[in-house]
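Remarks on the structure that follows.
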Amino acid sequence: MAKSQRTAVVLVAAGRGLRAGAGGPKQYREIGGQPVIYRAMEAFSRHPDVFAVQPVVNPDDSAMFTAAVAGLKHEPPTNGGATRQASVLAGLEALAKHQPDIVLIHDAARPFVSDGVISRAIDAASRTGAAIPVVPVTDTIKLTGASGNVEDTPDRARLRIAQTPQSFRFDVILEAHRRAAKDGRSDFTDDAAIAEWAGLTVATFEGDVANMKLTTPEDFVREEARLAAQLGDIRTGTGYDVHAFGEGDHVMICGVRVPHSKGFLAHSDGDVGLHALVDAILGALADGDIGSHFPPSDAKWKGASSDQFLKYAIERVAQRGGRVANLEVTMICERPKIGPLRDTMRARIAEISGVDISRVAVKATTSERLGFTGREEGIAATASATIRLPFNEKTWSV
């Protein structure tokens, strides 16, 4: 592809996804621990040849969209229309001010689009002007009539399954969409069909069987199982932290402000529960400890909320393609009493970590009045974290 080609993406995410079952629009449901739309958008956002990603969303989904794609670079979302075709046109019109050379049009419900497919889409549009990814049909296809009886068996060798991203010269597909809208044509099921109607020759390029569209509840179950099977490297880490009491009227424990007659002596907010948990996660990653990532000698972390330390550790797991399986913290103290706040702390850890509360445990014990915790001079915490990473044979000893 010539370096002068500017490529943008229309990410279509305005549908309601009713066939996917309960749980809201399918593009905002999680798959493999991440929202479907996040996975789709991230693939394009990180691609070196894509300069703009234009999301098209349902106006009722604004809050869900913002939460689902937090941290990803994209254009301000534009509202979709009553049909997919109308939504694509809205996305193209929103991109017109950027004057891209190439545009890729992708369904947000396809979260497993690869860098290779994206690169092939850009290259194909640059060479041909209009192209779509396809995969061969492996089953025998039957054409049936109104009676349900078989009327014909088409030649499987000529059949292909169309996928997205479908790629086009921007000016050509924008004009085709505008013409279709002007002529009152709203029955096209994909952008290639509009291009064909407009008289364009649509080329094909190699798609990817993994780049499937999530449509039914069974699709989600199957893909969750596939992703879980890929995360065969199960690791566990442990952490420990302690802080002495000082002056104050509260302490931070597991992300929760707890009223107390004393405060913590600490460089940050002194949240021993979260500090131990961060060390456990970093330990599972073999990625140093909290002090190496957030040195107490750095004034930047003076009084810092420990929420950001835990978010950082969770992001390190995600960067390795992993998922958190379980988080557990045990608080060791006489006071304050942890029991009444246990579920509040679990919920807060789950919220910070982006995991279900069923994967978070908070326990409490005492040292039977022994040692510094028994004398109520401070609080200690131990933690464990279990994570799953993609299996990499090269990291295993022979």
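Even glycines carry a Cβ here, placed using N, Cα and C.
Note that the structure is predicted; figures quoted are calculated from it, not measured.
Under DSSP, Ser268 (4-CDP-2-C-methyl-D-erythritol 2-phosphate binding site) is assigned to coil, being neither helix nor strand in the three-state scheme. According to Swiss-Prot, the 4-CDP-2-C-methyl-D-erythritol 2-phosphate binding site annotation covers Asp241, Val242, His243, His267, Ser268, Asp289, Ile290, Gly291, Thr365, Thr366, Ser367, Glu368, Phe372, Arg375.
Look at Swiss-Prot and you will find Asp241, His243, His275 tagged as divalent metal cation binding site. All protein chains shown were included, and the count of other CB atoms within 10 Å of the CB of Asp241 (4-CDP-2-C-methyl-D-erythritol 2-phosphate binding site) stands at 23. The secondary structure of Asp241 (4-CDP-2-C-methyl-D-erythritol 2-phosphate binding site), as reduced to three states from DSSP, is extended strand.
Positions annotated as region '2-C-methyl-D-erythritol 4-phosphate cytidylyltransferase' by Swiss-Prot, on the basis of sequence analysis: 1-234.
Taken from Swiss-Prot, the feature region '2-C-methyl-D-erythritol 2,4-cyclodiphosphate synthase' applies to 235-398.
The site 'Transition state stabilizer' annotation in Swiss-Prot covers Arg19 (among others) and is backed by sequence analysis.
Taken from Swiss-Prot, the feature site 'Transition state stabilizer' applies to Lys26 (among others).
The site 'Positions MEP for the nucleophilic attack' annotation in Swiss-Prot covers Arg156 (among others) and rests on sequence analysis. Within 10 Å of the C-beta atom of Arg156 (site 'Positions MEP for the nucleophilic attack') sit 12 other C-beta atoms, taking all shown protein chains into account.
A coil conformation is recorded for Lys213 (site 'Positions MEP for the nucleophilic attack') in the three-state DSSP classification, outside any helix or strand. The site 'Positions MEP for the nucleophilic attack' annotation in Swiss-Prot covers Lys213 (among others).
A simple way to gauge crowding: the CB of His267 (site 'Transition state stabilizer') has 17 other CB atoms within 10 angstroms, across all the protein chains here. Taken from Swiss-Prot, the feature site 'Transition state stabilizer' covers His267 (among others).
Residues annotated as site 'Transition state stabilizer' in Swiss-Prot, with sequence analysis given as evidence: Thr366 (among others). The DSSP secondary structure for Thr366 (site 'Transition state stabilizer') is coil. With a cut-off of 8 Å between CB atoms and residues at least 6 apart in sequence, the same chain places Ile332, Cys333, Glu334, Thr373, Gly374 near Thr366 (site 'Transition state stabilizer'), listed in sequence order.
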Between Asp241 (4-CDP-2-C-methyl-D-erythritol 2-phosphate binding site) and His275 (divalent metal cation binding site): CA-CA distance (Å): 6
Residue, out of the binding-site residues Ser268, Thr365, Ser367, whose Cβ gathers the largest set of other Cβ atoms within 10 Å: Ser268
In the chain carrying Lys213 (site 'Positions MEP for the nucleophilic attack'), residues 6 or more apart in sequence that have Cβ under 8 angstroms from it: Asp107, Ala109, Arg110, Gln163, Asp219
